[in-house]
Amino acid sequence: MWLCPLALNLILMAASGAVCEVKDVCVGSPGIPGTPGSHGLPGRDGRDGLKGDPGPPGPMGPPGEMPCPPGNDGLPGAPGIPGECGEKGEPGERGPPGLPAHLDEELQATLHDFRHQILQTRGALSLQGSIMTVGEKVFSSNGQSITFDAIQEACARAGGRIAVPRNPEENEAIASFVKKYNTYAYVGLTEGPSPGDFRYSDGTPVNYTNWYRGEPAGRGKEQCVEMYTDGQWNDRNCLYSRLTICEF
């Protein structure tokens with residue numbers, strides 16, 4: 001009985017072998033798709049991706065418990081508007097008395113320097129013929145010729161007054177300027193209320209004169225006094241221009 005199925009299989013195999021030998025390929029029809037398999041195990045982590053864009057800032061956090069250290073000082077601001085003056089304070093206590101001038105060494109040194117500078121200046125001007133010294137008086141001229149009133153103003157601005165001789169030595173010193181500039185000069189005398197009565201600028205009578213022969217002869221019309229190149233005097237109208245000579 002078992003030989004019949006076996007013979008059938010051999011026949012089928014022989015027939016199949018004949019077909020395969022001819023085409024060398026066994027072609028079957030596609031089967032029906034099977035059911036999906038179960039999920040496999042999770043795979044390994046992939047590589048890191050590219051860096052993304054920064055996200056938006058988060059909300060401000062709560063204040064910290066530790067205070068921050070103070071920052072550096074800022075730049076100075078612009079000056080403010082000056083305030084109103086305060087009330088005058090009470091006078092301070094009276095200071096100790098100063099030393100007498102002759103005991104103050106610093107003051108004496110300063111005065112010594114001043115004297116030295118003055119003497120140097122006087123010496124330099126004397127060499128130039130700009131000043132003449134007689135006793136305690138210093139006579140000086142700038143060589144300009146102006147009216148009597150203008151000379152008085154110029155000498156006052158310089159801290160002196162118009163030159164006036166009170167003795168022969170001073171008269172000779174003034175005459176030296178008259179000779180140098182070869183022009184007459186006014187002296188500090190003016191005629192008083194009475195004709196021919198000439199006085200000093202302070203109104204005191206003249207105690208020294210050197211009038212030219214026959215002078216004064218203006219009889220009240222010539223109220224100033226000019227000096228000639230020989231040192232003699234003549235009364236003259238005050239509106240003429242004469243050499244400026246001052247005394248200090």
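Numbering starts at 1 and runs along the chain as it is shown here.
In case you wondered, yes, glycine gets a Cβ from its N, Cα and C as well.
Residues annotated as compositional bias 'Pro residues' in Swiss-Prot: 54-70. DSSP assignment over the compositional bias 'Pro residues' (54-70) gives 0 helix, 0 strand, 17 coil.
What Swiss-Prot lists as domain 'Collagen-like' is 28-100.
What Swiss-Prot records for 132-248 is domain 'C-type lectin', and it gives sequence analysis as the kind of evidence.
Positions annotated as 4-hydroxyproline by Swiss-Prot, on the basis of similarity to another entry: P30 (among others). DSSP assigns P30 (4-hydroxyproline) to coil in the three-state reduction, outside any helix or strand.
Within 10 Å of the C-beta atom of P33 (4-hydroxyproline) sit 6 other C-beta atoms, taking all shown protein chains into account. Residues or ranges marked as 4-hydroxyproline by Swiss-Prot on the basis of similarity to another entry: P33 (among others).
Per Swiss-Prot, 4-hydroxyproline is recorded for P36 (among others). Of all the Cβ atoms in the protein chains shown, 6 others lie within 10 Å of the Cβ of P36 (4-hydroxyproline). Look at P36 (4-hydroxyproline): DSSP puts it in coil.
The DSSP secondary structure for P42 (4-hydroxyproline) is coil. Sequence annotations record features per position, and here Swiss-Prot assigns 4-hydroxyproline to P42 (among others) based on similarity to another entry.
Under the heading 4-hydroxyproline, Swiss-Prot lists P54 (among others), citing similarity to another entry as support. Long-range neighbours of P54 (4-hydroxyproline) (same chain, six or more residues apart, CB within less than 8 Å of its CB): none.
Among the features that Swiss-Prot reports, 4-hydroxyproline is placed at P57 (among others), with the record citing similarity to another entry. In this chain, no residue six or more apart from P57 (4-hydroxyproline) has a CB-CB distance below 8 Å.
Residues or ranges marked as 4-hydroxyproline in Swiss-Prot: P63 (among others). Sequence-distant neighbours of P63 (4-hydroxyproline): no residue of the same chain at least 6 apart has a C-beta under 8 Å from its C-beta.
What Swiss-Prot records for P67 (among others) is 4-hydroxyproline.
What Swiss-Prot records for P70 (among others) is 4-hydroxyproline, and it gives similarity to another entry as the kind of evidence.
Here Swiss-Prot flags 1-20 as signal peptide.
Taking the C-alpha positions, the distance from P33 (4-hydroxyproline) to P42 (4-hydroxyproline) comes to 25 Å.
DSSP labels the residues of the domain 'C-type lectin' (132-248) in these numbers: 24 helix, 41 strand, 52 coil. Cβ-based neighbour count (10 Å, all protein chains) for P70 (4-hydroxyproline) stands at 6. Comparing Cα positions, P42 (4-hydroxyproline) lies closest to P36 out of the modified residues P30, P36, P70.
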